[in-house]
Every structure is written in C-alpha cells, then in structure tokens.
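Before any comments, here is the structure.
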Amino acid sequence: MSVQREDVDIKLIAIDMDGTLLNDEQLISDENRKAIREAEDKGVYVVISTGRTLMTCRELAESLKLSSFLITANGSEIWDSNFNLVERKLLHTDHIQMMWDLRNKHNTNFWASTVNKVWRGEFPENITDHEWLKFGFDIEDDDIRNEVLEELRKNKELEITNSSPTNIEVNALGINKAAALAKVTEKLGFTMENVMAMGDSLNDIAMIKEAGLGVAMGNAQDIVKETADYITDTNIEDGVAKAIRHWVL
C-alpha cells in the first residue's frame, strides 16, 4: 500500500451496503454505527452508496441519521438528507425488453427495479408503463452467466457490474457509483480526491478507483481488492469501522 494517512484529506466517506456496511444478517453493527457517528461529529460527510433502491434501503439509511446525500440503484438516483430526489437517470425500455428476452431465453432468476417497485418472479405486461432503474440476473451456473454476459456486452449502451459473484447488474451506460459521487462532491465543494470509498463488488470498483482512497473489504471479490489502496477486515468483523478509525478518526 503506497497511500499513507498523511497523504489524504478525507472529507467524505462513501460506503456500500450489502457485503460492506451490513453484516451477513443484513444489520449494521454497533461498532460501524459508532464510527460513522464519530466521523460525522468530526465534520466528515458519510454517504451510503448502494445498488439497492430507496424503498429497500431507506429504513437502514434513516437509522444512521446522516447529514448528506444518499446514492441508490448503483448511481441511478441521488437523494438529499431528507430523501428528496436530486437526480435520476433511467434505463431505456428497449434495453429492458432485450434483457427480459435474454432472461427468458436462458430461464434465469432475475430482479428489476423501477422507481416504485422491485420486480421478482412476476414482470409487467407493458414495460413502457414503468420507469426503469436497473435490471439484474442471478445465475449460479458459470457457463450460462458467461453466455449472458457475452450477449449483454454486445450492447455498448449498458453499464454492466455485479453485487455478488453470481449475479449481473445492468444500468444505463455511464451510471455508476463514482459518477454519482462526483456530482455529490461537486455540490459539497470538493473533489473525489477527498473521498474514501468502501465496497466489496464490481459495482463498487469505479468509486474505489476514482476516490482519493479506495478501500476493499476483506470479503471483497479479488478484482476489487486488486483495485483498492487498502484492504480492511470483512463485513462481519466491523471492517467499515476499522477503516474509518484507521484513516479518519
């Protein structure tokens, strides 16, 4: 690790939720809560940056009583501290139709996020009646997953990541956590150099790369660890709190 504490001036901590802030019971540990509160008390902004939609993360986000922004659906949406929408970028319905056809071709598990619902199992008849944020495939079989990935990559208008080794997450091209964070830092009056970003999956790589300090969880996918400046403990060992204490407090 080449970065030292004296090399960075952290004004904002960006934290992924699943596999990062949350333990395997989907809870925020007392240690993580305490470190986040101490960082905010010190004047450092804390921003949750998640692949989840607002409806699936709001309760957890509210419990932290953060003073800044919230990034959801891998950067498709930015919310202020009162959960008012600041910005939203949608997936084109043609792309949703293509991915739904691909899902049916391979008979995979899926989920798809609109602005007011997460679809699982069922799917709307009229795709154009909805505003789409993200489409996800969950595929245990490596061969099928790679085949789906290959077909998706033919379309150059998609941002393709994952939030676990067995899934694929798709947003509109250019929509990622880093792009959303850059907009947040601009609103707050500093740059990505002043950000510490923490995560565990491919949908965290962009923000980990572009942040002044990129932190991978101990349980992160290998490619995420290779990208990071620093590797903390796992999500079940208060890795978030330990990184905050090491770099900020």
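All positions are counted from 1 along the displayed chain.
A Cβ is built for glycine as well, from the same backbone N, Cα and C atoms used for every other residue.
Look at Asp16 (Mg(2+) binding site): DSSP puts it in coil. A 10 Å cutoff on Cβ-Cβ distances gives Asp16 (Mg(2+) binding site) a total of 29 other Cβ atoms nearby, all chains included. The annotation Mg(2+) binding site is assigned in Swiss-Prot to Asp16, Asp18, Asp200, Ser201.
For Asp16, the entry in Swiss-Prot reads active site, nucleophile, with the evidence type similarity to another entry.
Taking all protein chains in view, 31 other C-beta atoms sit within 10 angstroms of the C-beta of Gly51 (phosphate binding site). The phosphate binding site annotation in Swiss-Prot covers Met17, Thr50, Gly51, Lys177, Asn203.
Within 10 Å of its Cβ, the residue among the binding-site residues Thr50, Ser201, Asn203 with the fewest other Cβ atoms is Ser201. Between Asn203 (phosphate binding site) and Asp16 (Mg(2+) binding site), the C-alpha separation comes to 9 Å.
Of the listed binding-site residues, namely Asp18, Asp200, the sparsest CB environment within 10 A is found at Asp18. In sequence order, Thr50, Gly51 are the binding-site residues from Thr50, Gly51, Lys177 with a C-alpha within 10 Å of the C-alpha of Asp18 (Mg(2+) binding site).
In sequence order, Ala14, Asp16, Ser49, Ile71, Asn74, Gly75, Ala197, Gly199, Asn203, Asp204, Ala206, Met207 constitute the residues six or more apart from Lys177 (phosphate binding site) in its chain with CB-CB distances below 8 Å. Of the chain residues outside the Mg(2+) site list Asp16, Asp18, Asp200, Ser201, Met17, Gly19, Thr20, Gly51, Ser163, Ser164, Gly199, Asn203, Asp204, Met217, Ala220 have their Cβ within 8 Å of the site's Cβ mean position.
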